[in-house]
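Student: From Swiss-Prot, for reference:
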BINDING   Cys15, Cys18, Cys37, Cys40  Zn(2+) binding site
BINDING   Pro119, Thr120, Gly121, Ser122, Gly123, Lys124, Thr125, Leu126  ATP binding site
DOMAIN    3-56  domain 'ClpX-type ZB'
Amino acid sequence: MSKVGTSDSKNTLYCSFCGKSQHEVRKLIAGPTVFICDECVELCMDIIREENKSSLVKSRDGIPTPKEICKVLDDYVIGQSHAKKVLSVAVHNHYKRLNHQTKHNDVELAKSNILLIGPTGSGKTLLAQTLARILDVPFTMADATTLTEAGYVGEDVENIILKLLQSADYNVERAQRGIVYIDEIDKISRKSDNPSITRDVSGEGVQQALLKIMEGTVASVPPQGGRKHPQQEFLQVDTTNILFICGGAFSGLEKIISARGRSTSIGFAAQVLAPEDRRTGEIFRHVEPEDLLKYGLIPEFVGRLPVVATLEDLDEASLKKILTDPKNALVKQYQRLFEMENIELTFADEALGAVARKAIERKTGARGLRSILESILLETMFDLPGLEGVEEVVISREVVEGTARPLYIYADRSDRTAESSASA
């Protein structure tokens, strides 16, 4: 039990874990010799929930079922039920293959790398990160735009394996069962349909370089990274069992898919739907390998990515959930910032809907939500530290639309006061 010895606060009780006083927390629970505050209790509950999730996915000989994987993905990623199902089945089969490959020699199971296709801000990267976290395997991310063929300025594809090795603390065995996520994979598409006289070192050349490590090869990885230390001893990493997930927005692919759809439907009975009348994510659901070839991926590269998961555009309801539901939701983050000034930040439900609609109009998906909130709250965050007596700030739909200023509630007034009823 923690008490202060000064005469002014000798009766003040303190949390034995975080040291906060009874005046700084909502509740202080007493034990035989200790006190614990409500904040520490919540933290303990979070730790227990995480432990329960890890024990759930480590059941059944270490292979989570697709439903178990999907259930955990639901806790972190809003929407995208189809992509979650595809990923859950693919990852389950991949690790089942690894655990049982030595038991049966009659049938060799091939590796199924995954291609994620979806609009910007739809959750591709978050899905890959969450998968690695719940499976407790080494994980690394690479940006395809920085990769070049060996011998040219830029990163070698072997650097991807080096990053994976580093995330596994140089444990080669663990790294060989890891997950690699390559983002912006659409940016290494072939620059033109016709073979060029000059080498395409950051497009088709990178696709060729990625082929071997994605299918399975023993890569020689320099522990200190690349070309600057030519004399160092190389580590041998077998990439056969590393799961590769490639993601990209594939801007313009929807036009190729729509054009193919129009060419196969002719006559008076053909149902013609203008591309602008269909959302990008809906069109992506009809992607075929031939569309990816036309986009600029080489046939061998498409063949190394047999599992294709398409993500849909996030609708207004999904974006509203993203704003409020996750543990680190944006609204919660800004509310925490305002709490530091002892001010409560409140968003009207219509305001959240207006923010979601703005993100849809800008076609930035979930990634654009922060910039929208930042612009809405900029003036308020600029003014508040210099104002006294403000107890609460209320954001309405009109504030989001730019026709009003935020409402301020002052501690010494019961009515809601606005700095200005309308913006100039």
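Glycine too: its Cβ is placed from the backbone N, Cα and C atoms.
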Student: Could you please provide the mean pLDDT value for the domain 'ClpX-type ZB' (3-56)?
Tutor: 76
Student: As a test of the contact definition, list every same-chain residue at least 6 positions from Lys124 (ATP binding site) whose Cβ is closer than 8 Å to its Cβ.
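Tutor: The list for Lys124 (ATP binding site) reads Leu116, Gly118, Asp183, Gly247, Gly248, Leu311, given in order along the sequence.
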Student: Cβ within 8 angstroms of the Cβ centroid of Cys15, Cys18, Cys37, Cys40: which residues besides those meet this for the Zn(2+) site?
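Tutor: Near the Zn(2+) site, the remaining chain residues are Ser16, Phe17, Gly19, Lys20, Val25, Leu28, Phe35, Ile36, Asp38, Glu39, Val41.
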Student: If you run the three-state DSSP split on Cys37 (Zn(2+) binding site), which class comes out?
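Tutor: DSSP call for Cys37 (Zn(2+) binding site): strand.
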Student: Specify all same-chain residues, apart from the site residues Pro119, Thr120, Gly121, Ser122, Gly123, Lys124, Thr125, Leu126, whose Cβ lies within 8 angstroms of the center of the Cβ atoms of the ATP site, ordered by sequence.
Tutor: Gly118, Gly247, Ala249, Leu311, Gly365, Ala366, Arg367
Student: Among all chains shown, work out which of the binding-site residues Pro119, Gly121, Gly123 has the most CB atoms within 10 A of its CB.
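Tutor: The residue with the most neighbouring Cβ atoms within 10 Å is Gly123.
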Student: Please identify, among the binding-site residues Pro119, Thr120, Gly121, Gly123, the one with the smallest Cα-Cα distance to Cys15 (Zn(2+) binding site).
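Tutor: Checking each of Pro119, Thr120, Gly121, Gly123 against Cys15 (Zn(2+) binding site), the shortest Cα distance is to Gly123.
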Student: Give me the Cα-Cα distance between Cys37 (Zn(2+) binding site) and Gly123 (ATP binding site), rounded to a whole Å.
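Tutor: The separation of the Cα atoms works out to 36 Å.
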Student: Check Thr120 (ATP binding site) against DSSP and tell me helix, strand or coil, would you?
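Tutor: Its secondary structure by DSSP: coil.
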Student: Considering Cα atoms only, can you say which of Pro119, Ser122, Gly123, Thr125, Leu126 is the nearest neighbour of Cys18 (Zn(2+) binding site) among these binding-site residues?
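Tutor: Comparing Cα positions, the candidate nearest Cys18 (Zn(2+) binding site) turns out to be Leu126.
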